[in-house]
Every structure is written in C-alpha cells, then in structure tokens.
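What TrEMBL annotates here:
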COMPBIAS  127-158  compositional bias 'Basic and acidic residues'
COMPBIAS  332-369  compositional bias 'Basic and acidic residues'
COMPBIAS  384-414  compositional bias 'Basic and acidic residues'
DOMAIN    215-279  domain 'J'
REGION    121-161  region 'Disordered'
REGION    332-414  region 'Disordered'
REPEAT    9-42  repeat 'TPR'
Amino acid sequence: MAEEWAEQAEAFKVEGNKLLADKQFTDAVEMYTRAIELDPENAVYYSNRSAAYLAMGDARGKALKDAEKCIELKPDWWKGYSRKGAAEHALLRFDAARATYNEGLKLDPDNTSLLQASEEAYAAGQEHSKQLKEQAKEQERVRKEAEERREQEKKNEPNDEDALLAEFMSEVQELEENANCIKKEEKEKPPVDFGTSDKQIERLLQPHFKWINLNPFGVLMLDIDATEEDMKQHYRKISTMVHPDKCRNPKAREAFEEVKKAYNLITQEDRRKMFIRTIENATQEVEKERRQKLKKGVNESELGDLKEAVDKAVMRAFAEIENRRQNIEKREAAQRRREAEQEEKEQAKVANMFKRERSWAETDRREQRVGNWRSFQKGGKRRKEMDAHGWKEETRDEKKFGEADNDGYKRGWK
C-alpha cells in the first residue's frame, strides 16, 4: 500500500510540474499538496511547492516556510537553500537571502545558480538601500518646504486687533467655564435617595433595561468621580434592597443579577476607565452642542433639561458600543462557521479523492489479474496441443546411465 501511495504521490508531482510550466500556479500548488499528504517526508515536493507559491506572487511567506521544511528534511541538498534564498529575496530580505545562498555554496561551491543568485541578492540589496536613502531625503525636503510655508504664512498674517480681541475673549470664556466646573465640583453632593425595594426593582427592570443597564454607574446610582468605597456602599445598599432572600417581589432575583453584574464590571479598573471616558465624551458632546446653539441665538429654555439630554446621550453611547460588540461577535461566529464548513468540504474532498483512487487501484489490479489468467489459459492450451502432436516415446539408454555391455567380447569372436 505504501508503494502505491508513493507512486500516486509521484504522479501528483509530475502533474504539478506540468501545471507549473503552464503557469497554472494555484493548480500546481494543489497537486504538490496532494503529493505531500501522501508522502510528507519528501523534500522534493516541498521544494516544488515553494517554487509554485513564489510564482503566485502573494504567497511569499508560504514559499519561505516550504523552503525551510525542505532544508529540514534534506539539509545536504543545495536546492532547498536556493528556494529559501529566492523567497527571502522576494520578501526584500536581501542580506538573509545572500547568507542562505552562501550556506548552499558551502555544500556545492561550484554551483553557478547559487553564485548568480547570491550576486543578484547583493546588487538588489544595494539598490534597495539607495532607494530608501533617496526616499528619506525626499521626505525631509517636503517637510522643510512645508515648515517654510507655515513660517511664511505666519509672517504674512495681518495684525488684526479684532481677531486678537476675539481670541482673548474666547480664552476668558474658557477660563470662566472651567471655574464654573470647579465650583460645581466643590458643592456638597446631596444624599442619594434609594427609595423602596419595589421602586428599585422597577428602575432596574424598566423597559429596555438590557440596554439601559449597560452603564454600571447608572445601575449603582453613582457619579463618575465615585470612590471605591462609594461603589461598595451603593452596591451593598441596592443589593440588600433587591436580594431575593429579603425581598418577596418575584422579579427580585433578576434585579439582583443586574446589580451584581454592574458591580463586577465597575470594579475592573480598565473597564471602569473605559466607562468613565464614554460618559465624559457623551457629556462634552451635549454641552458643546448646547453652547453652539446658544451662540446662534437659541433661547436656553428651548434646549430642554441638560441632565436629561446628557442621560440620553450616555445611553446612546453605551448602546452603540454594545451594538458594535454584538456585530463583531456575529461576524466572528459567521467566519468561524464558514471556516468550519470550508474545512469539512476540504476533508470531504480529500476523502472522496482517496476513495476514487482506492477504487481505481482495486479495479485496475482486478482487471490485470483477470487478464493474466486468461493469457495463462490460452498459453496452456497451445502448449498441450503441441505436446500432443510432437510426442515421441523415448527408450532407456543403458549406456547413458554408465552400465557395461558384458557380452560384447563374444560378438567380436564371430
């Protein structure tokens, strides 16, 4: 069976060589791959597949991997070093390619192919270095020109007093806004009203709570500047109020799980920083939009409640993040399914191929045995007929067996 597989592998290699000569590189790779599956210790198959991969143009990494496998299987064969050097050359690793060619020349010092390839790798490396230097010079020239243009534009800018005044007033406004923010932070926060257990359950399980509770600060009724101690206290308070062992509300357990999930998320420092950044960005966007509308003359009373607008923006931001996460998971799951289906198809393809080859081999051997038997029968009949016509009885020749004629002297007397 091993000999048959070896013969079949060799047939795949021959077919791959034909396809490679016809520049059908993908089909050639397929043939060499089949040969490797039947005889995975044959360095020649890896060498040929490396050449096919390299000819494809976009599989240089695979070409290098096959060349390295070829050297591993047959380290004293110069062809493996030639394949590896060619792959490294294609990957612009000119120094490595030259070193690989020199390794091959140690095995075969007079190999003109390796000598020429080594010289070409050296020349290509020199040219590549030259191009990189020229590109660096060009980038530096462009940078200097851009810097000179900026300097010239600054010199040509008019000394506009109105522009300077507007810039000054803008800076003053920013300072005032920062001062207002600081003053607001210095104000003592009012105590949190946690309400009753039923109110907490109603809040935690309100319509669309799966999306609303994505913000753990909202679930635990915390501000983004809350300390770890604040987090613990709020968690203990709310979880105690909705604990299924202490609250008879049938939805208590589900509400308790929401609180527990929020606390587990908020106590993870990296996740907590991400949540804070999301809330801050949403808040800043709302405040920026309101300032722009006020500058355009919109009455502040028409803008609605700031806290309500911020809450909606924060909710939308968390929902968008979750939606992106779910979409990514769906795409990854779909990709895994496609890969699994493709793998199943490939396995089925290989299995069918082996079945066809086994069936073909068995049919061929059976027909050959039947043919040999028929030939034997025909040949046997001819031999029998010839023996029947050409039969001759032989008599025993005593002299042939060394017996003496004792009466011979009597005949001589007569």
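Each residue, glycine too, has its Cβ placed from N, Cα and C.
A Cβ distance under 8 Å defines the sequence-distant neighbours of the region 'Disordered' (121-161), meaning residues of its chain 6+ beyond its ends; these are 85, 88-89, 92, 94-95, 97-98, 101. Listed by sequence, the residues of this chain that lie at least six past the ends of the repeat 'TPR' (9-42) yet keep a Cβ under 8 A from its Cβ atoms are 48-49, 51-53, 55-56, 73, 350, 353. Counting residue by residue with DSSP, the compositional bias 'Basic and acidic residues' (127-158) contains 30 helix, 0 strand, 2 coil.
Counting residue by residue with DSSP, the repeat 'TPR' (9-42) contains 27 helix, 0 strand, 7 coil.
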